[in-house]
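Trainee: Straight from Swiss-Prot, here's the annotation block:
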- 1-255: region 'Disordered' (REGION)
- 14-47: compositional bias 'Basic and acidic residues' (COMPBIAS)
- 151-160: compositional bias 'Low complexity' (COMPBIAS)
- Ser224: phosphoserine (MOD_RES)
- Ser231: phosphoserine (MOD_RES)
- Ser235: phosphoserine (MOD_RES)
- Ser244: phosphoserine (MOD_RES)
- 249-366: domain 'C2' (DOMAIN)
- 398-604: domain 'Rho-GAP' (DOMAIN)
- Arg436: site 'Arginine finger' (SITE)
- Ser575: phosphoserine (MOD_RES)
- 601-654: region 'Disordered' (REGION)
- 675-708: region 'Disordered' (REGION)
- Ser683: phosphoserine (MOD_RES)
- Ser685: phosphoserine (MOD_RES)
Amino acid sequence: MAEPLLRKTFSRLRGREKLPRKKSEAKDRGHPAQRSEPKPPEPEPRVLEGSQAGAEVPPSPETPRSPTRGAYLQSLEPSSRRWVLGGAKPPEEISLGPRTPSSGEPAGEIWYNPIPEEDPRPPAPEPLGSQLASSEPEGPNIQGAAPTSPPTKTSRTKSPGPARRLSMKMKKLPELRRRLSLRSTRTGRDRERTAPAGSVISRYRLDSSVGTPGQASVAGGSRSPRGGYLSDGDSPERPGGPPSPTAFRPYEVGPSARTPPAALWGRLSLHLYGLGGLRPSPGATPRDLCCLLQVDGVARARTGPLRSGPDFLRLDHTFHLELEAARLLRALVLAWDPGVRRHRPCAQGTVLLPTIFRGCQAQQLAVRLEPQGFLYAKLTLSEQQEAPATAEPRVFGLPLQLLVEREQSPGQVPLIIRKCVGQIECRGLRVVGLYRLCGSAAVKKELRDAFEQDSAAVCLSEDVYPDINVITGILKDYLRELPTPLITQPLYQVVLEAMAQGHPSRASLGPEGTRGLLRCLPDVERATLTLLLDHLRLVSSFHTHNRMTPQNXAVCFGPVLLPARQTPSRPRLRSSGPGVTSAVDFKRHIEVLHYLLQSWPDTRRPSDTPDGAVAPYLRPKRQPPLHLPLAGPEVVTRPRGRGGPESPPSNRYAGDWSVCGGDLLPCGRDFLSGPDYDHVTGSDSEEDDDETGEPRGTTDFEDEFDAPFNPHLNLKDFDALILDLERELSKQINVCL
């Protein structure tokens with residue numbers, strides 16, 4: 001009778017009998033959950049109830065062990081009883097070991113949780129005595145959580161599903177963690193070393209040694225794991241006590257040393273020890289602080305959020321920064337502002353790197369922060385490099401005499417000036433805005449580098465540099481960066497004396513007299529300035545096209561060719577401010593160059609302009625009006641009104657000519673098919689008139705404004721009016737300061 005019952009019992013334990021899941025597990029799992037030795041059936045339910053209460057598992061609907069079953073087990077032979085009771089595994093194997101078919105669950109179900117959830121909160125301390133009485137005395141509890149009884153098979157009677165079984169496994173983690181901590185030493189490192197090799201704790205680092213600040217230790221005298229702050233630095237843990245203030249040298253940047261003369265190259269190791277003297281306002285709550293490090297205004301490193309203390313905040317962070325031409329190291333202390341939900345600077349300090357490493361490689365400084373506080377840090381400079389040698393100027397910034405000797409250029413004029421002037425005179429004399437518009441900065445940088453490498457190999461053709469403003473910009477940059485200006489101090493005084501004699505007159509000075517003003521200059525400067533004055537005089541002769549009159553040329557080149565500050569021609573009675581003095585000097589520069597351009601002989605006047613005559617403005621030749629033999633009622637025109645806003649460009653020359661026949665106009669129907677782009681753009685169409693043989697008639701815009709709109713009226717009439725206005729506005733106005 002015993003053998004069939006035993007066989008049936010083991011078949012249920014191993015899951016070989018396929019019964020309804022909820023009922024079979026609730027009934028059959030209660031049998032092997034017994035102690036390894038027979039005990040009376042009465043006291044064990046009480047202990048089991050206490051263990052279930054400690055583990056926070058709801059009681060089973062039916063009693064796990066009845067007196068009948070206990071009597072049955074006692075009636076068995078000792079070997080059979082041990083065989084029946086040996087099917088239950090120890091608690092350690094249930095928690096740690098892999099699941100086997102003898103565990104009472106289906107063989108094919110494997111549940112794996114790589115990152116367990118957080119531990120549940122410990123229960124109230126009232127049932128602590130009953131739990132300790134029912135569990136084995138293995139030592140004090142370090143984490144402060146109430147220990148639970150060893151898990152048994154009866155704890156799964158209410159967990160038929162996999163989710164419930166997984167939650168029960170998660171509830172066993174506090175007990176497992178407690179047992180592992182009791183078996184190991186008290187330090188975090190030994191705890192990691194003695195953890196089982198296959199345990200989840202050691203594999204996924206669930207028991208971290210980095211705690212939160214202010215973690216209280218439990219009774220028994222055992223201290224909590226060593227706390228620290230994780231940050232961007234190399235040392236996330238805080239040392240024991242504050243550093244000694246006497247070990248750090250006070251440092252504060254003086255107002256006169258904020259612009260150091262040199263730079264620093266190398267590797268800087270910065271170790272932060274702490275922040276002191278940051279006294280919060282009375283009644284203020286502690287704030288989260290972080291330290292931001294900047295090198296020459298660029299953020300390079302920062303710490304994590306740190307909870308500020310009453311007077312001193314301990315730090316232990318190390319940063320390694322690569323320095324390239326570094327001068328200033330700035331430390332910003334940022335405080336969290338809950339109003340705007342971001343960090344705001346509350347203190348800052350500056351360190352001049354080139355000055356602190358003179359004669360040493362390491363410094364321990366107490367950097368003074370503004371408005372309050374100190375930053376205790378150690379700065380170590382390693383792998384210091386010498387400053388790279390500055391490239392020697394080959395064209396820009398080189399003295400004129402030295403550049404001419406190096407290039408051996410003909411005429412004692414640098415190649416860059418000859419090439420730029422040649423291209424401007426070839427294709428830029430009729431460009432509006434010459435020397436006043438700026439070209440592309442990137443293209444200018446490319447052209448500058450090309451001149452620095454090899455001036456003779458630079459090609460300034462229109463295919464390579466189509467924008468003439470790039471070439472004019474390079475020429476002005478070169479003249480501006482000369483070590484000595486072309487119009488020197490002696491020449492400046494000579495021109496001022498000539499200006500004191502009266503208005504420049506070619507009859508009084510003559511060509512040789514004006515050129516004789518440059519005799520005080522050296523040969524190279526005299527040849528270069530002569531070439532530039534000839535060029536500017538030629539540019540001003542095309543002022544009808546490029547709007548570069550001698551006055552405009554003097555405004556553009558006066559500050560470039562003359563020094564920044566000249567000695568005044570007569571002493572002033574009283575000193576003025578620096579702004580007034582600079583304005584007066586700037587005005588004198590323009591007057592000196594304007595005098596030279598007006599009195600300079602024009603040897604290269606354009607051939608289309610007669611000698612001694614002023615080039616006229618662009619005004620179309622006045623011709624008789626065109627009279628068409630049209631009847632009055634057959635022509636419908638729309639004359640332009642005198643008042644009202646100007647019509648848009650698309651309707652500027654609008655008119656209804658649909659009633660006109662093809663025999664009335666010489667251009668025929670083609671004229672009515674589209675807009676007259678030739679006349680709108682103001683292009684020269686005199687050749688077309690010569691071919692057709694018809695005289696080209698234009699209406700005088702000034703005399704016959706009320707006349708009907710003429711089809712041959714073009715934009716040149718408007719250009720003539722605009723040029724007249726510009727001529728009146730460009731008249732010289734003498735301003736006396």
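Note that Cβ sites are derived from N, Cα and C of the backbone, with glycine treated the same way.
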Trainee: Under DSSP, the domain 'C2' (249-366) has how many residues in helix, strand and coil?
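Mentor: Computed counts for the domain 'C2' (249-366) are 7 helix, 72 strand, 39 coil.
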Trainee: If you draw a 10 Å sphere around the Cβ of Arg436 (site 'Arginine finger'), how many other Cβ atoms fall inside it, taking every protein chain shown into account?
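Mentor: Arg436 (site 'Arginine finger') is surrounded by 15 other Cβ atoms within 10 Å.
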Trainee: For Arg436 (site 'Arginine finger'), just give me the three-state DSSP call.
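Mentor: Reduced to three states, the DSSP call for Arg436 (site 'Arginine finger') is coil.
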Trainee: Limited to the domain 'Rho-GAP' (398-604), I'd like the whole-number average of pLDDT.
Mentor: 84
